[in-house]
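Record features, source TrEMBL:
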TRANSMEM  28-47  transmembrane segment
DOMAIN    42-428  domain 'Cation/H+ exchanger transmembrane'
TRANSMEM  59-79  transmembrane segment
TRANSMEM  85-112  transmembrane segment
TRANSMEM  124-150  transmembrane segment
TRANSMEM  156-181  transmembrane segment
TRANSMEM  193-217  transmembrane segment
TRANSMEM  229-252  transmembrane segment
TRANSMEM  264-281  transmembrane segment
TRANSMEM  346-372  transmembrane segment
TRANSMEM  411-433  transmembrane segment
REGION    437-457  region 'Disordered'
Amino acid sequence: MAPASSSSPAAVKMASDGVWQGENPLDFALPLLAVQIAVVLAVTHVLALALRPLRQPKVVAEILGGILLGPSALGRWGAFRRTIFPAWSAAALDTVSGLGLLLFLFLVGLELDFRAVRRAGPRSVAVAAAGIVPPFLSAPGLAALLRLAVPASAHAAFLTLCVFVGAALSVTALPVLACILKELGLLGAPLGETAMAAAAVNDVFAWALLALAVAVSGGGGGARGAPLAPVYILASGAAFVAFMLCALRPLMARLARRAGPDRGAALASSGAVVACALLAGAATDAIGVHPVFGAFVFGLSVPREGGLAERAGEKVAPLVSGLMLPLYFATSGLHTDIDTVRGAAAWGMVALVVAVAFLGKFGGTFAVAAWTGMARREAAALGVAMSAKGLVELIVLNIGKERKVLDDATFAIFVIMALTTTVLATPFMTALYRSTPTATTPESDGTELKGGDACPA
């Protein structure tokens, strides 16, 4: 068997016959993927240990690890790039990391508990809206400036660019926020409960914005569909959500009750739930919305009755949070080439995007939280917490890049923004708000992912 050294993915074989047969295992898909995953996990683990004294969430180490391994740093070394991350291997690496992302969003849907929103009251909804509206309204002006500072961004339709920029600026990373609050002992405190409830509402709006962004972006490369394709996509997406929450959720509740205490039936049911999450992702891809949206909505539709959601989460969470999700963050870093951000105008846009993303979230959240009676220091801490980015931000950016709405330079600018706002959140919150853990411990809070790393993203 000849080594699959061709650059064509179709010529790549799964495994080699070994070095004694004169074959290099790194010319074959499976051993190369194993080495890539091992390298990514080793680098991100070392960075996580280095950042631990700074109390940074693991996502920071994972994004930095990808950037370090990518074209911005080690990827400049041609021998390293050709040996460990050759171009023909990108499809396999992206597919595995994308599957991890899909399963993680399924877990996020499972763990979103809207009872926390009801407990926090109208304040959480008002805080969420205040954190979304100002950044989103700033998107048209920022998109216009981007088209001037980064000429390649002008290739995308202005409306499409505005929606993607608005979605990227508006999101709050729920898992990252949970990590920061837990690290500071605030997850069970009133501030933490309000922040998590507001972030849950923000997540739902973020996914709606992302679905809108995907719909208006068309096919990315050149729309071949019907002129009204965005309308069809949005209508089909709305029908999918209605079916999941209004029809499938009651059916799942009956399935959970039938599983009962029988462990065999319980395992079979949780396995079926995971399979359905994958099919839901395939269904939304067929609609024209990203597969992660289907997995997320399906996770929302799984009832908590009978422990079905908890059992499904326990089966999936360790593999996803420990292996597949770090790979997704790292591949986002691998796709980031900071060298594409060139010139004073482009770096000025980096500073402006960071400022708008942080101050838009902080200002709106602080004003509404203070108006609803929260102490100023707590309101400021809440504003900082809501500005943290992470998973959803990277999803928006990666989809925008896939659909050719974001060019390489714009993608790098927003990755830098996500990294900067996340890095700043912990020290700012530590300076603004110090508290000891309350009787409501993080482990008893419904927002934590069960069965895996409490802070996977």
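Backbone N, Cα and C atoms are what each Cβ position is placed from, and that goes for glycine too.
TrEMBL annotations: computationally assigned, not manually curated.
Per-stretch counts of Cβ pairs under 8 Å to the transmembrane segment (193-217) identify 156-181 as the leading one among 28-47, 59-79, 85-112, 156-181, 411-433. Remote same-chain residues near the transmembrane segment (28-47) are listed as 3-4, 12-16, 58, 61-62, 64-66, 68-69, 84-86, 89, 92-93, 96, 323, 326-327, 329-330 (criterion: CB distance under 8 Å, separation of at least six residues from the stretch ends).
Between the transmembrane segment (346-372) and the transmembrane segment (411-433) there are 3 or more Cβ pairs closer than 8 Å, counting only residues 6 or more apart in sequence, so the two stretches are in contact.
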